[in-house]
Structures are given as C-alpha cells and as structure tokens.
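K.L.:
Marked as compositional bias 'Low complexity' by TrEMBL: B:174-195. Taken from TrEMBL, the feature compositional bias 'Basic and acidic residues' covers B:224-239. Taken from TrEMBL, the feature domain 'RNA polymerase III subunit RPC82-related helix-turn-helix' applies to B:8-66. Positions annotated as domain 'RNA polymerase III Rpc82 C -terminal' by TrEMBL: B:149-355. Summarising the annotation, TrEMBL assigns domain 'DNA-directed RNA polymerase III subunit RPC3 winged-helix' to B:360-436. Summarising the annotation, TrEMBL assigns region 'Disordered' to B:172-198, B:210-239.
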Amino acid sequence: MAGRGGRGRGRSNMTFSLENLGIGRGEALPPSSLQPSPLFPPMTFQPVPLQTGEEVEYMLALKQELRAATKNLPYYIRQSAARRDVLRYSDKYHRDEARDSIMDWRPDWSRLPNELCIKVRKSQKKAVLPQLKGTKTTTSGKEEVLSKLEFLEKKEEIVNSEDEEDEEKKKTNEEEEQEQEEELDEEEVEEETDYIMSYFDNGEDFGVDSDDNMDEATY
Amino acid sequence: MTAQEVRLCGLLLQEHFGDVVEKVGTHLLRNGAQHLRAIVQETGTPMDLVKKSLCVLIQHGACAFSSGRKGPGSPVEYQASFERILRILRYPRYIYTAKTLYGDTGELIIEELLQRGHMTMSSTVKTVADRLTLNMEEGHSMEYSEVSNTFSKLVETHFLQRCPPVEVAGKAVSATPDPATTPGAPANNTTPSTPESFADCYKVPHVTLIGRGKRRNSSEDGEDQRNAKRAKEDPETHGDEGIYWQVNFERFHLHFRDQAIISAVANKLDQTSSEIVRTMLRMSEVTTPPIATCTQALSANEIFRSLPPNYNISRPILDQYLTLLVDDPMEFVGKSGDSGGGMYVVNLHRALANLARATLESVVQERFGSRSARIFRLLLRKRHLEQKQVEDFAMIPAKEAKDMLYTLLSENLVQLQEIPKTPDHAPSRTFYLYTVNQLPTARMLLQNCFKTVANLIERRLFETKESKRLLEKSQRIEAILASLQASGAEPEQLTEVEEMITPPEKQQLESLRHHINKLDSAENQVDETIFLLESYIKAMKRL
C-alpha cells in the first residue's frame, strides 16, 4: 500500500493501474500534445498502387461516359437561370434548348401520386406564351402581322377567355410597339443621331396605325 | 443515416441529377418520410421544381411514396432510399458484367435501363436497336427480334425484373418492393393491358415488335419503310403498356459474390479447384434462395457430370480436390453427407465472413505495417488477450508491441475489455483484455469507405473547377476541329487550330486528365470493398 501510495503521489492519480497497461516504472510517458493533430499527417506507409488492366480501363471509360451522358438526359434538372436585367438576343436560343430536354420525358402518371400531376397542364399553358413572345422578334412586318393573325385564331380556339376584346387590344398595342420599334430602327439608320426619334413622338401615329389594323382584322 | 452516407448521397445526386434534386434528396434522407408541403417549406425551393425532382427520384427508384402515417386522409409521404442512391457508384460494374455475359446488346440494354430508371420492354428494345444500328456499317441494321431475345434471356436469368405494381386507388404503393421468385404474387392488382394478370414478375409480356433499328439520315429499304410506317401509326401500342422493367440489383450482387468466392479459391488454391467451385455455384444458381447460408447439397456424382468438358479430371482426382477444399481452413466448401459419393455444399456466409476478415487484415497491414497486422490477426483468432500475452504470441518486443497496440486502439480497430476480479473494480485487480470484434469493425470501415469515396468525388470536382477555363477552351477547339474536318479543311488549317493550345497548356490538360482518371478509378475500386463489406454485414444481420 505504501509503495503504491508513494508511486501514486509521484505521478498523476488515475483510476486504472499503469502497470497492467504495460507502462512500467520509471518509464517516461510520451509528451502530451498541445495542439490538434495535423490535417494531412505524413504517412508512414504509402498506399498500394491502383489496379490496372483492360477491365479497369473499360469500367473507367464507362463511368466517365455515363457521367457525361446524364447531363443531357431530361432527368438533369437545372434551376432556371436568373433573369438578367437586359433582354439579350441569345436568350431566345438558350431558353429553347433547356425546354426541349425537359419536355422529352413524360412520366407515366398512373404510377405517381396525384399531387405530382399538376405539371402537365402548366406545361401546356407555358407552351402557348413563349410562342407569342417569339413572334415579336421576327423582322419583316407583313409576316409578323400574318403570324399574329394565325395566333389570334389559335388563341381563340384554345383559351376560351371572356376578354377577347382586351386581348385584341393588347395585340394591337404589341403590334404598334413592334412597328414603332421598326420605325425606330429605320430612323436610327437614316439619321444617325444620338436621340431616339420616338421620344419626340407626337401621337399622330397612334390613330393611323390602329385604323390599318382594324381593316385587316375584319378580313 | 450517418453523416458520411448523407454527404456521399448528396454528391452522387448532384453529379447525376443536378443541384435541385440534390437539395430535395438530402433533405429527405436527413429527415425521413415527409409530405410535399413540408419539403417545399423546408428546402425553400419552388413547388414545381420540387415536384419535378420527386418525379425524377421516383422514376429511378430512389424515392418511394406511401399514404401518410396518420390515416387514409393524410397527405402522401415520400421517403428516399439511401441504398438505391449508392448503387449509382456501381453502374459501370453492372454494365461491364452484362457485357461479359450477354455481349454488346446486353450491355446496352442494362445501360439504358440504368440511365432511365425503368422503361417498357418495347421502348428499351427500340432505343437499343437504334443505338446498335448507329455503330454498325452502312446498310446494316439491328433487328428488333434479336434485341428482344437478349432481353428475354436477361429476364429469364432474373437480371431484369418488373417494377412492382402501384395500386390505382389512392395511388398508395403496395409494400412489395421485390416480388422476387414467388410465382403467386397477390392477385388483387388489376393490370392495365395484358390479358394475363401478374402471375410472375419475371414473365416477358407478349410484345408485337417487328422491325429494325433506325439510323438517322439514312435511306431505308422498302421493307423497312413499311415497318417504319407501321411503327409510326401505332406509336406506343405494342401490347405492354404499364409493364415497366427495372434492373434487379440483388441478382447482380449474387453474381458478384460468386465471382469473389471463385477468385478467392483460385488465389488460395489453384485454377482447377476454382473451376470445381464455379461448377457447384452454377448448378445451384436457381435452387438457392438469395439469403441462404449455403447452397443446396450437391453430390459428387452430379458435380462430376456437370464439370466443363475441356477439364479432363477423372473421378478420383475430383474426390481428392473436394477433400482438399473441405479441409482448407477458409471453409469455402463443406461436406454435409456421404450419399452419392459425398454431399458437398458451398458455405456462402462463411466465405463472405472470411473475405471480409481478409479485407480488414489487409487494411491494417497497409496502414500500420505488417507487424501491427500480425497483432491484429492474432487478436482476431484468439479473441481476448492480455498485454503480456500479445507480446508473447506475436513475438514482438514489448515496447514496440505496446506502441502498436495503442495506435490500433486509438484508431478504434482494437477494443479494451475490462474483467474485474473484485466487485469494486479496483484497477490493480482487474484484467484488461484486448479484443477485436469483426462485425463492428467492418461497419466502421464501411463508413470510412463512404467517406473515402465522398472525398475522392470532392477532389475531382475541385480539380475540374480549378481548370475550368482550360477545359472549356480545349472543348471549343475540339468542336472547331471537328467541324473543320467534317467540312473538309486542309491539314494546315487543322494544325493552325491545334496550335491555339500552347504546349504548357497541353501539359496541364494532360496531367489534369491523368489525375481525374486516377480519382475515378480509385472510386471504382473503393466500391468493390464497399460491396464486400456490405454483403458481409447484410449476411450477418440475417442470422
């Protein structure tokens, strides 16, 4: 007892006996560390080199091909890109790219719960709108008006809305804007001033244009 | 669901399905079964993106839906499955196995099904035929019937299975994830189109598919045109609507397990013994259920008859080999009786346990040296040993043995067991024994493997991101080169374009490619270890 007491006083008092764990008397303990262990400690044994061979190469190629292929499947869902502040010409092409791949895949709705099915109707509605916007950017005026008329007809068929007059007015307004934009382009090319001519628009064009459109619409 | 598992699943989902699906998937994995509104609120993603992600996850079998816990009126709950997402790591191995067993056609069928989750037989056959036709010479095309044959063969050997039916009323899934080999599946499911009900999930539907693979931009013969017209007229009615097929991962896993056992026998003994074991496993493929501890007993006479003909082994030599196999300490083969010249079984679970043990030992050897491995093996065999006994049995000097034991203890590969002599647990009167428990150690190493793969993926993403600019430049130049070559440019123009990449950039690209290949290859190999450890743990769980 006395011997053990003396030994205990000499070192720290611990609940277990150091002898049993193998640290003999008089032996120095390893120094205690005062900082966390390094993030990448040096390795005493280097790892075994990777396997090589035909099988391994083939599976490697398969893996890389699979990874590249999944990016193009409709299952790869990208968040819609943040709307940029200015409309750019390339947006027309980028938007259609993304939409095509998502539309490719029609899951079997009978195998999915009802609440996930609502997407189908939404996609139909969305399909109508971009076509309208797309026709805005066509350049020649006559084709524009003709295509506008076609879409007018289609829209009347598909969407049974009560506000047909409002829609027609909206379209005439859009057409006016487009014609004004065309006029803008022509004027800018002609005069090469820094000022956009439509700022000085005195409103004479408004009645003139709408009369023309009314004539054509009655056909 | 451990943190490592969730992290790895997140990385896999992000690579294959994008950020949105990753967010939804990790949220489901962390929080268990949730209904739609909760997911939308807690992840902060817009509703239609969440719906799309759930559709994608369900399509690939990574998520299951069921009616809510609170009763029939509560909303549908979705639950993600960690195991299924982890299988993405193993896709190359599945595809390669299909290639070795069923050739290019089988390989493409499995690849299509893995990429799309589940598909009907007709759409699979058509897509695969088209892909094969693309790679064939001009004027040749792939017959649908050939592809259908390979498909049927895959179903017969159970590598493909039907997707479980979904109850139409209330869209609640019947909880049979795998109506595997039981022929009499519940007959309360109404099938949409086929006249015969779901008697067996390995039944190939009667599909009227006549035609050949189509090549884009190529002229077709008159016969093909007729068939193509017929195909266009009824685009989807081939008689198998609503019957979706998916890859049967368990069957592939059984195949991998058999391969592992055979190669272990070949390494330990010799080629002939491995052929004998291969024959035994092949014979008991259909009769052994997947969870069996050992195969059905086979008599030596049967084995002799079923050996491959080019192996001219006479009967007495076969008996000698079998005796050798039985006496081997690895216990791959056991003798269960004497009738018919001796009844032999392959001990599947014991083989898996031995393979797992070998994996653990090799891990210790490669990380801590062969002497630590000797201590580890000693403890595995002798179960509990005191400090002094370890030094004596391992024949290692006391100081070094102590050091190694403490290193292993700090890494949690070795545990300390206290056995008190007196009720007051006084330290001087307690035995302290070192021990190794194989199953918990295997679990711990499995988690380490998951962490390893996650680290490998992250490192690869980091490397790609670092050299993103360079990679984009090289892709653009390749595209320019390809278009120039297609339009028939002169070699001078080609070299001019090629020189747009400077030599140091070329070197950088080369080393980047080399690193990425190494990381990918390492992922594949860690996955092999994951497979072994997972099979072992699963086998032990069932006991």
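Every residue number used here counts from 1 along the chain in the order it is shown.
In case you wondered, yes, glycine gets a Cβ from its N, Cα and C as well.
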K.L.:
What are the DSSP helix, strand and coil residue counts for the domain 'DNA-directed RNA polymerase III subunit RPC3 winged-helix' (B:360-436)?
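P.N.:
Counts, helix then strand then coil: 46 helix, 15 strand, 16 coil.
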K.L.:
Quick one: mean pLDDT on the domain 'DNA-directed RNA polymerase III subunit RPC3 winged-helix' (B:360-436)?
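P.N.:
Across the residues of the domain 'DNA-directed RNA polymerase III subunit RPC3 winged-helix' (B:360-436) the model's pLDDT averages 91 on the 0 to 100 scale.
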K.L.:
For the domain 'RNA polymerase III subunit RPC82-related helix-turn-helix' (B:8-66), give the DSSP counts of helix residues, strand residues and coil residues.
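P.N.:
Reading the DSSP string over the domain 'RNA polymerase III subunit RPC82-related helix-turn-helix' (B:8-66) gives 44 helix, 6 strand, 9 coil.
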